[in-house]
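Since the structure comes first, as structure tokens, the remarks are kept for the end.
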Amino acid sequence: MRIPIKDVTPECERAEVAGWVHEERDLGGLTFLLVRDRTGILQVTIPKKKVSPEVLAAVKEASRESVISCEGVVKATDKAPGGRELVPETLKVISRADTPLPLDVSEKVPAELDTRLDNRYLDLRKPRVNSIFLIRNAALRAVSEFLWDHHFTQVQTPKVVAAATEGGTELFPLAYFDKEAFLNQSPQLYKQMLMSAGFDRVYEIGPIFRAEEHNTVRHLNEATSIDIEMSFADEKDAMKVLEEVVSYAYGKVADTCSNELAVLGLNDFEVPTAPFPKITYQEAIEIASKKGEALTFGDDLTTAAEKIVGEEMGTMYFVTEWPSSTRPFYTMAFEDRPEVCRAFDMMHPRMELSSGAQRCHVHSKLVEQIKGKGLNPDAFEFYLNPFRYGMPPHAGWGLGAERLVMTMLDLQNIREGVLFPRDRHRVSP
Ligand code: ATP
Ligand code: AMO
């Protein structure tokens, strides 16, 4: 019976494994095949004089990255990875790989990111690349686990929608029969409507689509957003859930992904502890202005400002109390100073990870705010009606899953944390 490669130990007398030919070395009388599966790498040692002609013929056919299976005797040796090797009695080529390969999976020949993404199925076979997605899996599972434990209900909201939510980024229009429709930028309006529907606490991990014009290392056109919304809550409650869920996800990755972290060379992986420090927007622009990035009240934090403040903070932190003019129409302004609102961003020293706020839950004020942003309230009727028939105060946030993974693993480009990224120039594979 086939066993995972990680379970092949010197104590196994015999083993059967299957996987891809990672490397091949021919030393005359001896051939070594390194066989890789999702759990590790095993050296298969073939003493040419001692194995059957069938095994020899199969070894000859087994080009790099072919899928093979083999069965034989396991021996302890300190010359092979993992301190063991397998000497095959049978060896079969299940699916031969053509040569030359479009990409070197053993990473001896480096490749540009574009070449890697063009041949992503091969790129993902690299233990280093694969590890990113195992960690992403652990982190997102931890997020779900935490939110589940805190009584959030998982929901799925529509991705084909009729209205924009996030001013600033563009929409992708859609051919939808005879109606005007778009790909959703954020579950924002739907998660808020569910507060009126009495769900109390919801979360969604799903795709968001943004027609960002520029190619940057931290923007995608299709990203994954972790969204929450909670009733009878203010922005401080929402921030508490956010810092705790992020810290929990880091903790789970540290506990359960030590092998993957080691493959990525992240041996000093640090778990941020909640609560995270909080500074106001006003404090943030003062820090930035002192260090040469002059900003005045009402400016968005520029990339340069984010960098300066990030260096000063040196850890995850929140920026609170934003100018109302910089935030979307659904944000609640402070009663006594309406030019400032109950919004926050959660920042990693490298970039913004999340935005959130307490929302305006008063119908008449919300209508005014929509108008104030130059939008037509009629276009938001489906969203506004729930505010007329019993809407609790509520707050929430959206956290970019790829930015979480990118900053957690110190990836240089956000595309490295997406299986098949979508950007300005890439809709395939
Ligand atoms: P959000 O979705 O909240 O807008 P973000 O991280 O993209 O998240 P922004 O507030 O859009 O944050 O941008 C912060 C800064 O990043 C901007 O002031 C701008 O300098 C830069 N920036 C944002 N989007 C782009 C882009 N598409 N191309 C180049 N620079 C950008
Ligand atoms: P915002 O527009 O700030 O807020 O988005 C929330 C988070 O989603 C991630 N993100 C992206 N990641 C990669 N590529 C993109 N193009 C991209 N756009 C956004 C970022 C960002 O911080 N409705 C609000 C959230 C809320 O208030 O609940 C919203 O969408 O990590």
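FYI, residue positions are counted from 1 along the chain as it appears here.
Here the Cβ of each residue, glycine as well, is placed from N, Cα and C on the backbone.
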Feature region 'Aspartate' in TrEMBL, mapped to one of the ranges 40-43, 188-191, 236-239, 268-271: 188-191
Listed co-binder of L-aspartate (same site as E166, S355, R359, source TrEMBL) among R125, R128, R210: R210
Annotated companion of R210, A211, E212, R218, H219, L220, G400, A401, E402, R403 at the ATP site, TrEMBL, chosen from E260, E339, E352: E352
R210, H219, R359 as binding-site residues, winner by CB count within 10 A: R359
Distance, E352 (ATP binding site) to R359 (L-aspartate binding site) (CA atoms, angstrom): 20
Helix-strand-coil residue split for the region 'Aspartate' (188-191), DSSP-based: 4 helix, 0 strand, 0 coil
Spatial neighbour of S355 (L-aspartate binding site) that is closest, considering only the recorded positions P81, E212, H219, A401 and their CA atoms: A401
Rounded inter-Cα distance in Å - H219 (ATP binding site), P81 (site 'Important for tRNA non-discrimination'): 39
Pairwise CA distance, E352 (ATP binding site) versus P81 (site 'Important for tRNA non-discrimination'), rounded so that it is a whole Å: 41
Contacting binding-site residues for ligand 1, chosen from H219, E352, A401 when the Cβ sits under 6 angstroms of any of its atoms: H219, E352
